[in-house]
Amino acid sequence: MTNLLEASIEQAGYTSRKKVLTDVFLEVRKGELVGLIGANGAGKSTAIKAILGLSEDFKGHIAWNDCSFAYIPEHPSFYEELTLWEHLDLISTLHGIEESEFAHRAQSLLQTFSLDHVKHELPVTFSKGMQQKLMLIQAFLSKPDMYVIDEPFIGLDPISTKRFVDMLKAEKERGAGILMCTHVLDTAEKICDRFYMIEKGSLFLQGTLKDVQDKTGLEGQSLLDCFYKAVQGDRL
């Protein structure tokens, strides 16, 4: 299976002169959804920044292998003067999407996430949930080879969560790779093919759910139970 992303992070980021992240190595393959999980402050966001080329004091190597990608950040951000539709039109222009195809994709996504009625309004006035849905729409619009997603479930209602998960599954089937950072382990357990667990700035556990269960000695138990045992005990 083709690797879309190969990340070798020897070190990245500093807090009070201390390295935030050391010796994290991960890869994402075509048609695969990979979960990046860890406690608050473990170094997940620093890993994402390093992968995107935004981390200070980075040492290592990031290989995208000629693939396009879309980034969905944890905190939505929009141009104050642009409407929802103008945001989508800008993305379409940047990615060279033909006008007819853009209109079809945009309208379909707006209907899926129930934002069609506000497409000519300013996103900066939207609720957190509506802004989060627009961030998802912007990423899905370009149909990239890979997605890097940071805490996507924050602010989403149950219906939007279900539709988002369905979209991820469809993109996987299309062949897209997905790296998703999340605290929502019950959902991650159901949809992720593999996991990378970061604790105290280092990669300490990785593999499929079965691998994680075997390494923690919790056969048949939930990802949350395995994660709790792993971070509370010795590194495995």
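Note that Cβ sites are derived from N, Cα and C of the backbone, with glycine treated the same way.
The ATP binding site annotation in Swiss-Prot covers Gly38, Ala39, Asn40, Gly41, Ala42, Gly43, Lys44, Ser45. Swiss-Prot lists 4-225 with the feature domain 'ABC transporter'.
Of all the binding-site residues given, namely Ala39, Ala42, the one with the smallest number of surrounding CB atoms inside 10 A is Ala39. The Cβ neighbour count for Ser45 (ATP binding site), using a 10 Å radius over every protein chain in view, is 21.
Of all the binding-site residues given, namely Gly38, Gly41, Gly43, the one with the smallest number of surrounding CB atoms inside 10 A is Gly41. Across the domain 'ABC transporter' (4-225), the prediction's mean pLDDT works out to 95. Within 8 Å of the centroid defined by the CB atoms of Gly38, Ala39, Asn40, Gly41, Ala42, Gly43, Lys44, Ser45, the record's ATP site, lie the Cβ atoms of Ile198, Glu199, excluding the listed residues themselves. Most buried of the binding-site residues Asn40, Lys44, judged by other Cβ atoms within 10 Å, is Lys44.
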